[in-house]
């Protein structure tokens, strides 16, 4: 690659980002076409994908070397110290170039080759079929039908080709309504609740300004309302804060006037825009990345960042949506400004509360394909896949995943998948390794020929789905509930340590209950398999012995077999197997990792006479 | 029924309008609203409750009247004698002895009758050293770390005073705790400044010149009234479900409870680190030596010693390091969080300890033999109990009140198989290692099971926990069943039918 000038630098130090005494590991840094690799003296490898790099910073030269700080989109932060400034500069420049691709074709997905044959690759792309998903929901039906209005992306470029609208709506109405909506994103079906015959619909804001009206749009909303036979009113949820929506009116946009639309109930939800969210996350990361952070600074930083407030707003909106459908049987139309950020968040979280299918692994993939990918959440812009406008970057999808995580925390048995799936999806939304999340909308994806040139993430996740299974999942859990109703009182919201500190090993619990249960299940499965195999062998042997041997030798077969014969008898061996212990050993429990001695250094500042342990011991002996 | 409820009642807020309703705010943080028909009855009941919930005399308290049929008095009181603990140490070393210098509680009223001290120091020296310590709490052994032979000592502050008094006997006692050439650490649970200021009031902290073998460290911990206020604020914040996110976080912060947790864990880890990594002996003290001192020494033991992480070991630890060590439970755990009476002596030090242990359990879910439920039970029983275990402030008072003769021990109830079962952690496996927790703010959590216990439903979490229990025990029961099988049938017999069917299949 033309950007790489130095491929290998030795004696680089990887500095513990939280250590106040700059504890470090020495090793070698390698630069490849796709990754930055650090191998420390213990041969432990740290791989960093170039696409994951959000920012590279070269700090002022110190006596020990030239510091290089790399912040990743998956919240890994690495702090290197390179002995020679020239090397540091070379790596810095290379990373700057490599982490900012100018065109889609440079992204990893176009070169990633997992050695899979072509037909399997194509099958992978067919794994998630949205037409099938709409059939599962129960459309088309007497009230809803597939519209071909957007077959050639003529009505709305950022929508998919297949859209579902009320049967009563004709093409002129669709076209008219789309002209009255920001970016042409007219109201369409997102989720249909079969039992309640109520729907979640989505769109963008109307171009109402202070007084403009559009009869087609009014007709459209009426048709949506009437497509719900049980009900005579529908909700229109504007997910923005009221002030923002009003400000939009001055620009000729705005929100629905209840007087112009028959039987709508209008509701603001107050989720902030992408810019607020971006700076909120930035503040959160600043706080959580502080060295020697005190509890009070952490909590006040958490408060000032506003992050958990935003997550709560998201879940509150989703609960409002789910209640409207499950309790009031009312159809809900959701929009924000352009209808691809907050609208995606609220529609998908709402559907997740209403439909247990989305709480299975496959269903979750379908949900993301439907409400995020197909409806044109601008993954490329929001994740900064290409070198573009930094103001377009925003953690909208991360917030959605965090909302899901909070639900899994409150309903440990309701989800088939676990936190690891959420983290892995987050990883790949930013990795650009698979085609699913490239580009900003379906039209763009088709133009990029992603299905021909790249791989889909979903089959890879399904292949290793054991990792993502929630061992506590109970498929019957959801049956007793009309919908999941999370408690959204503030104290339920917690800092998601496993996301924002996923690479800071020392902060995590040293023993994991989930892992233990999962390995236990795995072992049981394996033991059962072993047992079956042994049983088969035994059968074979007894058969042999019967045919070949007389009564007496039968006895000699016996001692080897009975222990294996009875199932419980075999299981007795289990505690003796080595893996059981290894599950329960403690990872990374070590004083050095926990920085108590640094805490002591802090203490020692209070009184100069006091020595810190690290250095103090030597001096004390004199 | 009423009698068992009453001990939990803290205060009564009469909303005695026409409806006649009583709000009971209990010490276990529960809030009950009773609607009582008839104003007269309502007032009577409230008066009775008020009188009964503020019994002054220890001897009139419920444990002295509680007589369950299934239990015998005196059971359980001898479960964890100090002698046993000393015997364990004596088998490893001769440097320590059991002293009965405090047999009549005259040397130190808050110490038990027997204490463990260096063999090289005689009782007379101890008496003189005791006079040099607040409340007579001279340095004694708290924990012997078998792995490397280091010890954890605790005391109260030395009475150095403004004139920098010295006490040769105390110096002798502390140097006798160390082997020749060894150095030790003194961990003062006050800030350096507070320790210095204490001299004006006759206290202070060991100076370098008088105790050349000891190095001093400070781990300032909150205590007393500020800690109680922290508890009250946190409970208030938790009870207000209308708080916006920002208000909640700022109230959580201003309660400072999590900061106190971090402080306690860090200081305990520091003590543990000095022993385990630096192989040095450690003396812990604050001022009185009955609060933060015990918090640090007890926590350090849970971190260091796998024995203290078992169900009975933990009870033994509480008995040694809190009850016999003279933590004034009667003063500290009188009214709990809903009381606005400014009780000078009230402070949730022991609750802070339980919370720290809970945090350890969250970070090392397989390393504690007991579960959250035990910690909750202990919390309840320190504030109001049918058992005498947490009554009074010291062994001396317990003897005077004849607690051991006239009340039941909590331990004998907890150790009944039916109770034990509820308190065991199904994931537990013996872990010989030291458990070093993370003390980063991101790693500490609000103890929802305690603070939100009555505020939000934990149904789904409880069900999930039951499922974990089911999964784990079904895995582990299997071998036991089979063991049973094997005992019941002799092997050839057991195998025989199988073989027959096998042969049948083959044929």
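Positions of Cβ are set from backbone N, Cα and C atoms, glycine also.
Model, not experiment: these values are computed from the prediction.
Annotated domain 'Myotubularin phosphatase' per TrEMBL: A:124-500, in sequence order. Averaged over the domain 'Myotubularin phosphatase' (A:124-500), the predicted model reaches a pLDDT of 94.
Cβ-based neighbour count (10 Å, all protein chains) for residue A:340 (substrate binding site) stands at 27. Feature annotation from TrEMBL assigns substrate binding site to A:273, A:274, A:336, A:337, A:338, A:339, A:340, A:341, A:342.
Under 8 Å, Cβ to Cβ, and six or more positions away along its own chain, residue A:336 (substrate binding site) finds A:204, A:205, A:238, A:239, A:240, A:271, A:342, A:343. If you look up TrEMBL, you'll see A:336 marked as active site, phosphocysteine intermediate.
Positions annotated as region 'Disordered' by TrEMBL: A:542-591.
Summarising the annotation, TrEMBL assigns compositional bias 'Polar residues' to A:580-591.
Long-range Cβ contacts of residue A:273 (substrate binding site) within its own chain (separation 6+, distance under 8 Å): A:240, A:244, A:337, A:341, A:342.
Taking the centre of the Cβ atoms of A:273, A:274, A:336, A:337, A:338, A:339, A:340, A:341, A:342 as the substrate site, the nearby residues of that chain (Cβ within 8 Å, site residues left out) are A:204, A:239, A:240, A:343. Within the same chain, residues at least six positions away from residue A:338 (substrate binding site) with a Cβ under 8 Å of its Cβ are A:182, A:183, A:185, A:204, A:205.
Other Cβ atoms within 10 Å of the Cβ of residue A:342 (substrate binding site), summed over all protein chains shown, number 28. Farthest C-alpha pair in the substrate-binding residues A:273, A:274, A:336, A:337, A:338, A:339, A:340, A:341, A:342: 12 Å apart.
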